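Novice: Have a look at this one.
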Amino acid sequence: MSQAPAALGESPIAPASSLPSYLQADKLGPWGNYLQQVDRVIPHLGNLARWAETLKRPKRILIVDIPIHMDDGTVAHFEGYRVQHNVSRGPGKGGVRFHQDVTLSEVMALSAWMSVKNAAVNVPYGGAKGGIRVDPKKLSRGELERMTRRYTSEIGIIIGPNKDIPAPDVNTNEQIMAWMMDTYSMNTGSTSTGVVTGKPVDLGGSLGRREATGRGVFTVGTEAARHIGLDIATARVAVQGFGNVGGVAGKLFSETGARIIAVQDHGGTIFREAGLDVPALLQHVTDTGSVAGFADAEVLADEKFWDVDCDILIPAALEQQITAENAGRIKARMIIEGANGPTTPAADDILQERNVLVVPDVIANAGGVTVSYFEWVQDFSSFFWDEEEINARLVKIMKTAFAGVWQVAQEKKVSLRTATFIVACQRILHTRELRGLYP
Ligand SMILES: NC(=O)C1=CN([C@@H]2O[C@H](COP(=O)(O)OP(=O)(O)OC[C@H]3O[C@@H](n4cnc5c(N)ncnc54)[C@H](O)[C@@H]3O)[C@@H](O)[C@H]2O)C=CC1
Ligand SMILES: O=C(O)CCC(=O)C(=O)O
């Protein structure tokens with residue numbers, strides 16, 4: 001019997017522009033910001049634009065329930081994610097975040113920014129990201145280990161050295177990567193160092209990985225500053241987030257003579273016009289967990305951070321920090337995005353109008369994944385490089401990528417963010433086109 005034609009709106013073939021409902025759910029969150037960024041790039045993609053829908057649809061989304069025994073004998077359930085946004089250019093690659101505000105929208109956006117970033121620096125990866133909605137500061141070490149191991153087992157069905165390779169992000173570190181590597185190896189029956197990067201050096205990790213993101217921020221920031229005639233050696237710098245990325249970037253800038261005058265983290269905001277003592281501040285953070293309580297600095301109300309009179313602003317904490325509300329108050333000439341997604345599209349427009357140069361996340365913080373790539377290559381060949389070689393290769397890749405992006409921005413008269421997306425999306429969609437669609 002022939003079937004009745006589907007009623008209007010019930011077509012079995014969704015029109016290309018109608019996204020699945022879960023991709024439309026959060027227009028204001030980080031995923032919504034990413035979609036707006038993609039829309040700004042599509043007009044520049046020429047014939048490849050017909051493949052652009054690919055960029056708006058993550059390839060694979062895994063949501064996992066993570067039950068663990070707590071120390072008090074109860075069982076707690078945590079919400080975990082791993083999203084593979086695009087795997088056209090190679091296995092998925094991107095960090096794992098443990099934070100109480102993790103959402104699916106956030107992990108989807110972070111995975112998509114990984115696709116763009118990996119293509120921008122031309123490392124042979126797609127983009128992925130993972131996260132657990134948890135405040136890890138509230139867990140004992142045993143609880144943290146059990147949660148990490150259970151999460152790894154749950155996402156073990158989609159990760160692997162040739163499939164998807166996690167790494168550290170907010171609140172995750174070398175120890176977490178060691179547990180992930182061990183769990184995956186136990187479950188698969190052989191030691192598999194290449195399943196994660198950012199591991200301890202004694203376990204197949206790479207020299208220079210811990211500092212790599214901050215070093216990349218410094219390298220690209222220095223190149224950008226040169227283009228606008230900004231002297232790093234006399235610059236006043238404000239940094240939001242003083243963890244792996246912000247701490248290392250702050251240290252490298254201060255070593256050139258730049259003054260780090262304001263730092264904000266989850267514990268508070270501190271200021272010193274003459275420049276903070278960065279090594280002492282890093283030690284204070286190691287000892288206490290926050291910049292709060294650091295001697296020899298004024299305490300600022302958190303909201304005042306955006307008014308600080310500085311030359312360079314480095315957001316290195318979380319998404320959506322620079323918004324339409326505070327973008328008009330920022331005094332810096334240049335913003336170097338250490339964090340992923342710190343600037344909303346509306347804020348981007350305000351900054352561009354005010355002639356503030358924004359060096360976007362998808363190129364500025366790509367140093368971490370670049371050295372992760374080196375780590376993965378070293379693990380496969382079981383041949384390890386010295387740190388000088390690693391840093392030299394990192395700087396070369398970052399400078400080359402930035403020069404290409406700068407040129408596109410000049411030629412097309414677009415922002416550095418749009419220019420980076422143009423370069424990266426062309427690479428991604430070109431491979432999509434070459435690979436075709438069957439089976
Ligand atoms: N670790 C890496 O290799 C890479 C990290 N990133 C991005 O850099 C950013 C920072 O990551 P990591 O330094 O690795 O994390 P981390 O966990 O080492 O440090 C995070 C920092 O952000 C601060 N922070 C958290 N909530 C805050 C708030 N509400 N206000 C102000 N500060 C707050 C924390 O106090 C801490 O100083 C994230 O956006 C991450 O995705 C990007 C590329 C690579
Ligand atoms: O090193 C990696 O694989 C990814 C780091 C990361 O999560 C990022 O660049 O945002």
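Including glycine, each Cβ sits where the backbone N, Cα and C put it.
Unlike curated entries, TrEMBL annotations are predicted automatically.
Sharing the feature lines straight out of TrEMBL:
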- Lys129: active site, proton donor (ACT_SITE)
- Lys93, Lys117, Ser372: substrate binding site (BINDING)
- Thr213, Asn244: NAD(+) binding site (BINDING)
- Asp169: site 'Important for catalysis' (SITE)
Novice: Of Lys129, Thr213, Asn244, which recorded positions come within 10 Å of Lys93 (substrate binding site), going by C-alpha to C-alpha distance?
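Specialist: Matched recorded positions: Lys129, sequence order.
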Novice: Quick check: of the recorded positions listed here (Lys117, Asp169, Asn244, Ser372), which one has the Cα closest to that of the residue listed as 'active site, proton donor'?
Specialist: Asp169
Novice: Less than 6 Å between Cβ and the nearest atom of ligand 1 is the rule; apply it to the recorded positions Asp169, Asn244, Ser372.
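Specialist: By the Cβ criterion, which requires under 6 Å to ligand 1, the hits are Asp169, Asn244.
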Novice: Please give the greatest C-alpha separation between any two of the substrate-binding residues Lys93, Lys117, Ser372, in angstrom, as a whole number.
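Specialist: Across Lys93, Lys117, Ser372, the two farthest Cα atoms sit 13 Å apart.
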Novice: Relative to ligand 2, which of the recorded positions Asp169, Thr213, Asn244, Ser372 have a Cβ found under 6 Å from one of its atoms?
Specialist: Asp169, Ser372
Novice: Counting distance between Cα atoms, which of the recorded positions Asp169, Thr213, Asn244 is nearest Lys117 (substrate binding site)?
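Specialist: Result: the closest of the recorded positions to Lys117 (substrate binding site) is Thr213.
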Novice: Rounded to a whole angstrom, what is the C-alpha distance between Thr213 (NAD(+) binding site) and Ser372 (substrate binding site)?
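Specialist: Ser372 (substrate binding site) has its Cα 10 Å from the Cα of Thr213 (NAD(+) binding site).
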